[in-house]
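Student: Just dropping this structure here.
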Amino acid sequence: MNKEIFNSKLFEKLDKDNLIENSREWSNEIDSTWNYNDVVGILKSWESLNTISLEYIDSIVNCLTETGKDILINGSPEAKLYNILTEQGMSPADANKQFGATAFGSAKNKGWIEVKAGKIFKKVESINDIVKSDLSIPDLSKLDSKTLEQYKKSRFIEEKKLSYYRVTKGEQYNKRSKELSDLTIEMLKDDSWEKESFKVNINAMGVVPEQGYRHPLNKVKNEFKQIFLDMGFEEMPTFNFVENGFWNFDALFQPQQHPARELQDTFFIKDPKTSHDFSDEYCERVKQVHSVGGYGSLGWIYDWKLEEAEKNILRTHTTAVSARMLYKLAQNGFKPKKYFSIDRVFRNETLDATHLAEFHQVEGVIADVDISLGHLIGVISEFFKRLGIDNVRFKPAFNPYTEPSMEIFGYHPILKRWVELGNSGIFRPELLLPMGIPENVRVAAWGLSLERPTMIKYGLDNIRAIFGNSINVNFIKNNPICMFESK
């Protein structure tokens, strides 16, 4: 549309009548090809300058349906049936197939057609298509109420909600001037810009700046962290992705010939290949309990090797951090503690819908006098209850460093099966006593996956959709807020 012509017509109308009662009807009268959205855009630009005032009005109007528009062009169904008839006639079946039974009945009732020898023929020389005439009037609401209702039932006419503006003169109407689109150097030099009006709408929304987006896992991680803090836990430092085999395996009473310590399950560091950050006295006690036993245990009965314990690896679990914290706790004089950590761990696993080589582990440790497996089940159940996940199941299991041990499962509504969330249990005396932990102290611990509860909450069936190098960036930008409702 031509903006100059529009503005000319707009101000010509307001100068003459002081108002435009219906912006939609007025613009259609001026030029029916104008897009009404463009019309509204120009009106609002003048409103922003207080040149005009707009009053928004909703109205219910009667409009032609697609069927009604077809009648306006091609005639009513009964008229089309009449016009197609020839001297050879047409069978009622063909008529019904092409135009419907209603057209045949209506044409017959109006006396336009008749049936002879099983065929339809014209009964009159000419017809007056009243339906087409009725639908052609500009204001359909002027039809008598009975006819209007009949056409609505026939779905020729429908009611629509149409909005328009009542336009009147604004405070700055008489001060309007031609808007300039460019600010020139000359205007700045002679201050003439102060007298001009520019095409700038300071109330218009600017472009939303691109910004960083928090990863869904970080959102869930923060919720997990807050739940732990609310339950009285203290966060452990987990900044060491690289551990040696001593803290990751040996201190946890995991034998050196265990399959988890093989190349197919663990990532070994090439350089530096080894490290030694543990005391010789503690190392000797760990070696003793592995090799020949102690503290009421037979041990694993094998030749324990220091060089195996010194090998650097990418930690396979954050329980290595728990081992360091418990050892430190024992050296400084034991006090009951509740620790937690949430960080990355690494496993040389086969990738599938629920397994990654790099993922996050949620670790919890409770150290106190005479606690039991029942305490552990209660704490884990309460933790998941606060996450809003009630469908949790425990299953007896074996772990080298806990006895008794349990696997934790959660039901995945998308996969429609139970998904393993983590492991738990009571730390063995062979792990705790060499550290110097008192004999009457029990330590309950568990390791949970961060990704899998997140998958359940976000309704995902593939772990690679939420973490890893193949994640869709748009998922990070556009994912909805997913809150874990405390219960």
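Cβ atoms are placed via backbone N, Cα and C, with glycine included.
Bear in mind that the values here come from a model prediction, so they are computed numbers and not experimental data.
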Student: Kindly point out which candidate in Phe268, Phe278, Phe384, Phe427 is recorded by Swiss-Prot as part of the L-phenylalanine site with Thr319, Gln361, Val362, Glu363, Tyr401.
Tutor: Phe427
Student: What Cα-Cα separation, expressed in whole Å, is found between Phe427 (L-phenylalanine binding site) and Glu403 (Mg(2+) binding site)?
Tutor: 6
Student: So if I draw a 10 Å sphere around the Cβ of Thr319 (L-phenylalanine binding site), how many other Cβ atoms end up inside it?
Tutor: 30
Student: As a test of the contact definition, list every same-chain residue at least 6 positions from Glu363 (L-phenylalanine binding site) whose Cβ is closer than 8 Å to its Cβ.
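Tutor: In sequence order, Met236, His317, Thr318, Thr319, Val321, Ser322, Tyr339, Phe340, Ser341, Ile342, Ala445, Trp446, Gly447, Leu448 meet the Cβ cut-off.
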Student: Round to a whole number and give the Cα-to-Cα distance in Å for the pair Val362 (L-phenylalanine binding site) and Glu403 (Mg(2+) binding site).
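Tutor: Answer for this pair: 20 Å between alpha carbons.
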Student: Whole-number answer please: how many Å between the C-alpha atoms of Gln361 (L-phenylalanine binding site) and Glu403 (Mg(2+) binding site)?
Tutor: 21
